[in-house]
Every structure is written in structure tokens, then in C-alpha cells.
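Below is one structure, written out as C-alpha cells; the observations come after it.
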Amino acid sequence: MTAPLWPNKNEKNHTVKRALSTDMTSNILSSTNASSNEENSRSSSAANVRSGTGANTLTNGGSTRKRLACTNCRNRRKKCDLGFPCGNCSRLELVCNVNDEDLRKKRYTNKYVKSLESHIAQLETNLKNLVQKIYPDDEQILNRMMVGDVLSALPDSSQVSINYTDQTPSLPIPATRGTFIIENDKVSQPLSSFNQQTEPSTLNSGIFNTQKQNFEESLDDQLLLRRSLTPQGEKKKKPLVKGSLYPEGPVSYKRKHPVKSDSLLPVSSLTAATDPSTFSDGITAGNSVLVNGELKKRISDLKTTVIVRGLNDDNPNSINNDPRILKSLSNFYKWLYPGYFIFVHRESFLYGFFNHSKNNYEDSSYCSVELIYAMCAVGSRLTPDLQEYSEVYYQRSKKTLLQLVFDEQSTARITTVQALFCLAFYELGKGNNQLGWYFSGLAIRVGYDMGFQLDPKVWYVDDNNLQLTQSELEIRSRIYWGCYIADHFICLMLGRTSTLSVSNSTMPESDELPEVNGTEEFRFIGRHVLQISLPLKNLIILSRLVQIFTSKIFIESEDIARKLKYLNTFNSQVYNWRQSLPEFLQWSKTLIENDDVSTDPTISYFWYCYYIVRLTFNKPFIEDSQESETVVIEIIDDLKTLLDNFGKKFGNYTKGNLYQLYSCLLAINCLKKLKEIRSSEQDSWNAQLDFFNHIFYTQLYPAYDLPKKLQEDTELETEQENQMLNQVGNINYTHDFSLSHEIDDLIRELFGVGTPQKL
């Protein structure tokens, strides 16, 4: 039991006074020497007490007044002994913060408060009139600005005179719209509540005290406050940026043309212009162009949009009339869409392709020359007669893209991102993994530059001044999540960590978008209605599982038992994912054997993606895990059925895709391992291996050059291995890991953790 803090209630004040007057200074000085770090963290008011003025009294201009209780005791509603540190803080080991100023008796007169309300009401009236003139039909802007909070509380603001002759010291008027923000936006209090009984300390603290100091300290603070407001009086919306030399937006964003006053008007006012001569030819308003006074049409509603070809084609030799281009694009959308090309939304691209061909597609939001050639480079590979043009299209797109990306004056566009991803898949099909990785990484960098992972309303593009329609917002969402799936698929195939992440995006989910009339030539003729949104959402979930377990299974250096534990967890999670799929996306052995369903590329791509994920994770552990071996054998049987049905349905594999290409490659590698493990079933493995080898090396080539490249690399590796066997006896390899060990020891010493293992 500790002794009571106050032995005698009657002697409490005398004891404190005597103890503080005799021993306070020496005790504080000794405690200062003992713990200097604690003293530095105390408030400036406590420093005044330590100077020897007395713990229970404070001197201010010759007058002596009693010190207040410390902050901790006031918050806990405990009696403070007015010591320093007080008994309660000492017992609880808290920092004793002394309040050196009593604000409870400092009150402002009702006359002064009324004058503030009158002044703000007059400002709100002027602001309301200004907003109604600029935006006559937009009541939402007034609601967002909260104009009228004080004005509505006053019976007649015009009769209240503004008089600041009160004896109360003048205070700066906060630059807020009807709301006081105290500290860091944690507490808000309407101005109209000032005619009620409020705590006077609020008026002399928080925003008043802070802004008074800021306004009096420097003129720069006042200028900064004005610059932070738009001409309409709203606070400027800052984009979500991190520490950067370019905090106001992307690095390369520059408008191509100076913004004129006409381009700042709403779209309705531009289209309603009665005098076409007021607009010069070629004036750009974002990505919509005023040509001879007519605003180029945008996608207002996909449900009512119709693509009519030939209306704006004055030149029969234009790119959208080239039969080779049309056939290549038809192959692209018939056989490869959606798949890993979800990011090239078909309806918006074709709308721009057929309607915005003038000015070389410079004014189209979702179509560009480099994107057309990139898509044609991919689509032309699926027709033997057009394969010779594939490299030509690729070089044209590549040359244009590199000029755009590495030109400081160019503007980041979403079509640039789409084209770079198309070239990445083109290079992967040729077996150039390095170039494919470079192009995909460049696409993501350009996308980040325009903020494509953020809300589609705040993308840094040239159409920021035009209000986007709901369909355009949904198209942008579809493009981003398509890029997300493309990035994760490429990283899965190349064994890299993905770049795009769900946690770093504020993009809303992609909704189902309708098919537009006029795109029949670019659709796969099947018996099922195309659905993209639902499969896309579930692929995002699957990619998230892959992202989580990739680091645990393939990156972190753990023993094989720990990796197998993570692998079993991953297999169970993916199994649960498949079982939880909606009925439309579920499949079984019966559905796989159905020729109409399993050969439909708009449906089977979802299955191939699942199989590729399972094979990629289980292939390295076939020798170590019975579960992995069983999973691989079951998947190989399903893939054999799918590929066999595709060959029987269409007669060949010239219209195959990368999903089929990589699934064949994974199946071949798995079968080679199974031959080593189960030598008793050699005949079965050899038969299946011949099946996949035939499709991979003879059927999918020459549409894809990857099989040929792998065959050449295998022969080259065999020659190099033979040469190394003859030279290995004469080579001494010296590996110096001293720096690595030194860094590991330093990390262990600083953070108290051990490194996974030493090399």
C-alpha cells in the first residue's frame, strides 16, 4: 500500500505551498539532468514553471495568478496537486503539461459575433449571385459550396450593419465557406451556432488563433490561401500524388494547344452556337474537335450508339477502308477478344476508327494510328496471307510509339497505353520475352503518367474541360481493369511480380457494356451472349490470390516444407474460388467436352487462364508433392480435350491464342517431369507429349514464333553444354559473398532479425 497523496485534508494546501516554495527548483533541476529527453518533449508552458517562478503561481506583467491544473488531470477529471510534475502524472509516468493561460474568462461580446455573421452573410450573398450567373442551371455546385449556411440563419441580413468598433480585439475572418475547420478537419462547427452559448475558448483557439498567426506572419500565406481557391470560390482539388518534383500532375503532361475561352464552356453551349464563323477550323476542345463550327460527336450512350461506316470517309484509300487492315482487326476481335485484350474495348475503338478518321485520328479519344497498327500486327498473324504484313504493321506502330513516348511535348494518351500492351503481347508471341517485358512496363509508366489508375474523372488528358458521359466513364474503367489483367498475365508468364495493384487504384469496378450495332463483322459467331464484366471481376480476384502467394512460394527463401504448406493453401484457395463462381462461369467435364462451348474463345479463355495459373504454381513441385502431381495430371487431361475439340472444330490452330500457346508449353514441361517420376507409364506420357508437341511446334507456328525460337534455343544450349563440358576442368570459379554476409550481419544487428540463409 502506498501512502495517501493527501494525509490531512486541512493541511493539503499548506503542505503543497511549503514544499513547492522550498524544494521545487532543486527537484526540477535534478530531474532535468536525469532525463533530458523527457524535458525536451514538454510544453513551453512547463518551461516557464521550471524557470523558478513557482509551481502554483505565474507572473504576468507584475500580477500573480494561480496556475491551472495540468492537462492530464483535467482530461481524467482528477484533482491536481499543482506540482510539477504533479503527483498523478508521476504515479502514472505521464508527461505533465502545464496550462499557463486561462481562456475561460475571455468572452466575446454578442455585438462582435453579430458583426461577423453579418459580414459573412453579405459575402455568401455575393458568392451566391456570382455562382448563379456562371452556372444558372446547376444547383449541385451551390450545394457543394455550402453557400447560405449563415445567410439562412439570419432573418434579414441586409439590415444588419457591419461594425467592428467593438472593444473586442479584431479577429481575421476565416476563408471558409460557412464552416469552421478546427485543427485538421476533425471538428466542424457552423457559423450559425455562434448565436448560441458556446465555449469561449473555441473562439480563441483552433482556426482563429492559427489563422491570426498565419495572416500576421507573412504575406506569402495570404497569397497561398488565395491561390488555393478557384475563380468560383471553390477549393482546388489536389490529385493523389506522393513525394515528387512534379506535385501538380504527371511529368510529361502538356496541352497540345492553348486553351481558349470558348473551350471552357459546356458542351451544350458549344453545339448551340448560332454563328459557325465564331470558331476557326481545327480548334481543339479536349479530344472533341470543332471543325467548321461543328463539334465532333462523342459517345454519349453506348445503348443507343450505332456505328455507320462510310459517312465520313471522303478518301477511299484511307486506313479504315484498307481491306487488309479490316481483316486484321476482324481477326483481332473475333478470335482474341476479350481474352488478354480486354483493355481494347471493341465498341469505343470501332466508333473512333470509323467516325474520327479525319486529321489522322489525332482528335479521337479511343483510336489512334499507332493503336490500329499494333492491333493489326497481332491480328494479321492469324491469317496466313496477311502474316507478311505483320512485321510491317509492328514496325510502324513501334516507331510512332517510341517517338510519342520519348517526346517531351507529347501528351500521354490511353491509346498509347493500349498500343504498348499490344506490342508486348506481339513480342511474347514471337518469343522475345525481354521486349515484351519492356513494352508492358512502358505501357504502365505511361498510364501512371496520366493517372489511369485513379478515378476516370481525373485523368490527365486533353479532354479535362469537357464533361464525360457515363458511358465514357465506364469505358475508361474497362480499359484500366483490362490493363490490370494484362499486366498480371504477363508477369505470371515471365515469373515477375505484378506492377498494378488493387490497393493502389481508386478506379471503380467495370460494369457490363452493351454491344453496338455495326460491329457484327468484328464478333465471334457463337451461340452465347458475350459477357465481360463478370469474368473480369473474378479474374481480378484470382490475380490477387496469385499476387499474394507468388511472394510466399517463389520469392521468399523458405525450406521446401514451408513452401509446400503455402502451396496447399493456395490450391485450396483457388479451388474455393472456382466453387464460388456464379453459375454462368462454372464449368465441368461435360461442358469441356461440348464442342460449341469449349471452342468459343469468348468463354474458354476464362478456363485457360485458370489452368495456366494452376500449372504454373504446381509444376515446380511435382517431385515433392503428391497433390501437385494429381492437380497437374487432371489439368493436362482437360487441356487435351479443349485443344482436341478446337482442332476438330476449325480444322487447324491458325486462330489460336497465347493462352493455348502457353498452356501447351506448360503441359509439355509437366509431362517431361512426369516421365521421370512415373517411369512405369512411359507409353501414356509419350502419347500425350506427342500430342502437345505436335500442336505447339507445328500447328501454332507460324502464327506464333515462340515454338521456333524455343527449338533454336534448345539446340544452342545443347551445343554450349557440350563445349562447357570440355572446358569445365580448366575453369576456376571464385564467388565472393563477403559483402552480402556483411550486409546480412548489419541487418541482424540493427533490426534483430535473421536473414533467410547465407549463400
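Heads up, the Cβ atoms here are built off N, Cα and C, so glycines get one too.
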Query raised in the report: Here are some residues: Thr15, Thr22, Thr53, Thr210. Which is flagged as phosphothreonine in Swiss-Prot?
Result: Thr22
Requested in this report: Have a look at 70-96, 340-366, 394-420, 691-717 and point to the one annotated DNA-binding region in Swiss-Prot.
Outcome: 70-96
Query - The annotated motif '9aaTAD' range in Swiss-Prot, which must be one of 240-248, 447-455, 744-752 - result: 744-752
Query - Integer average pLDDT (0 to 100) for the DNA-binding region (70-96) - result: 84
Report task. Over the span of the DNA-binding region (70-96), count residues by DSSP class, listing helix, strand and coil in order. Result -> 12 helix, 0 strand, 15 coil
